[in-house]
Amino acid sequence: MADASKDYVGSFPPGKKITVVFVIGGPGSGKGTQCAKIVNQFGFTHLSAGELLREEVKSDTEQGTMIKNLMQEGKLVPSDIIVRLLLKAMLESGNDKFLIDGFPRNEENRQAYENIVNIEPEFVLFIDCSLEEMERRILNRNQGRDDDNVTTVRRRFGVFQESTLPVIQHYEKLGKLRRVDGDRQPDIVFEDVKAVFAQLNIQTNQASHVSRAQTNPFKRWFLDLCCGCFDAQERRN
């Protein structure tokens, strides 16, 4: 099933390095603000599953109509459709670095992504924000609406916790979770986010140097020689 789904929208060339980062956070956690800053500073393409679904609904296609009907009926859009839309957008972007916002929302999303795209995320950025702060932000930006907002926000937060917590725990077990405190001002939060992405750049550059050395016989010999000298020095010490 995974291969058929991939053929449906295409795939990246074999051996091409693709960098994927998931960004997860509750409603009002500031994901969108941080994603915009990451795009500006680090050159990622920002993709939102929700935005892609809304764009597909606007399109005059059979799939767009089906998605619209599901949404109107209050039903969930199947994860494989969401993932195919993400993969299609990734392929059409021309970039090789992707920031996927608000995804995966649940374990079904995660499993569909692994089956169809099968590109392991470098890490998952979790904007960890308290219910009180998220509630304050959403109510402030929706001033003038009735008190039902409080109930709605809390219900959305409850759904987020119930659906997304298993995803967070999964990546935490893999050592791929990067948690930042989202309760603070956006610029302060971004200082922590920058440190996370700077580390990714260091790791990418190191991997690139090793890869070039492995494909160049002289560089590989020089690398082996340096490692041998270092080992000999360690034994003498």
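Cβ atoms here come from the backbone N, Cα and C positions, even for glycine.
Just so you know, TrEMBL annotations never went through curation; they're auto-generated.
Around G30 (ATP binding site), a 10 Å sphere centred on its CB holds 23 further CB atoms from the protein chains shown. What TrEMBL lists as ATP binding site is G28, S29, G30, K31, G32, T33, R141, R184.
Residues annotated as ribonucleoside 5'-phosphate binding site in TrEMBL: R54, K75, L76, V77, G102, F103, P104, R105, R145, R156. For R54 (ribonucleoside 5'-phosphate binding site), no same-chain residue that is 6 or more apart in sequence has a Cβ closer than 8 Å to its Cβ.
TrEMBL lists N109 with the feature CMP binding site. Within the same chain, the residues at least 6 positions away from N109 (CMP binding site) whose Cβ sits under 8 Å from its Cβ are A49, S79, I82, V83, F103, V167, listed in sequence order.
Among the listed binding-site residues, namely S29, T33, the Cβ with the most fellow Cβ atoms inside 10 Å is that of S29. Considering only the binding-site residues L76, G102, P104, R141 (ATP binding site) has G102 as its nearest partner by CA-CA distance. The record assigns G28, S29, G30, K31, G32, T33, R141, R184 to the ATP binding site, and the maximum Cα to Cα distance across that set is 17 Å. Cβ neighbour count for R184 (ATP binding site): 15 (other Cβ atoms within 10 Å of its Cβ, all protein chains included).
Of the candidate binding-site residues, G28, S29, G30, K31, T33, the one lying closest to G102 (ribonucleoside 5'-phosphate binding site) when CA atoms are compared is K31. Listed in sequence order, V23, I24, G25, D101, G102, I127 are the same-chain residues six or more apart from K31 (ATP binding site) with CB atoms under 8 A from its CB.
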